[in-house]
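Pulled from Swiss-Prot:
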{"type": "DOMAIN", "residues": "56-212", "note": "domain 'FCP1 homology'"}
{"type": "ACT_SITE", "residues": "66", "note": "active site"}
{"type": "ACT_SITE", "residues": "68", "note": "active site"}
{"type": "DOMAIN", "residues": "309-393", "note": "domain 'BRCT'"}
């Protein structure tokens, strides 16, 4: 490496001797709050092994925790609703609702897991949120990584946090796609309170970045507005115009206005469901179960434990998924939880469709049950095969299959 064997890099410079390192090598981001400081992969693995051994001695696992829709819901703008927290970053207003039982879960789980926050929000946003849910720093310390330090990508990877050996790491997130359906993932039902908008949705952020990249004209107009503001001598007028420009830029992010009143009924329904949310209580119990199984096992591998639990959900059931909006999510999720998707030679057990006419046609064709996609979601979030009675769209099973099902249920 150009005559320098030191393990630390600051950009293209050695962090110890200052020598410029021209040739590239396999480096690892050493810190959470920046991706500019790196160490060699060998050094990272050595540090990681030492840390993992210390955690094993403490009988602790690692929990990588998402924020948005996992433990809270954030919207732009203000709200008069009780139990919400408001703050401002760069003149954009945010309103946050914490998921019920969050503090209980953190108190219980922090005794068994070292918790790391991994969010697609910005560094400023994440730090403000953490101040709200962990003001003393006892749960997260400085273990926070955001999209600002995520090496320019809008997906999450355990390799960004840990260079080696992920067998003792559990992920808690509402988005399996962001993790590319990683085997360490525990999926939680998304938490919605104000509306159904995820302000830090990676797909939305990607579209925004692509849009901004091609808006040179809009950028020029923005700069022009700023220049006019700077030319005005009256500070009160300048401040007001500045606010107008910022409101305009924040508007594309989803700042809500009086038009929200047209959605009051839907929002009220979402809040009614959210107020009775008990998902974090269930998750706390499940994470304790995983912890117990891990330290009782000789192999000690979280992925193996989670894989076994997940595959019991659909346990070899055969599915045909219709062409619907969220088909990719359904197919990958069904397979991840032990189902078989396609048209196996042995037949089909379930057709999944939200269209009644299509479900009727396919169920007749395959002589099987047709269920709504909601059944798949509820099974996955419950980590068990829930009774499908209320999710059935139509039933075209043969008599023999129907009698076998009755026998299974009542014997």
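If you go along the chain as it appears here, the first residue is 1 and each next one adds 1.
Just so you know, glycine gets a Cβ as well, placed from its N, Cα and C.
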Average pLDDT across the domain 'FCP1 homology' (56-212), rounded to a whole number: 92
All-chain count of other Cβ atoms within 10 Å of residue 68 (active site): 24
Number of other Cβ atoms within 10 Å of the Cβ of residue 66 (active site) across all protein chains: 24
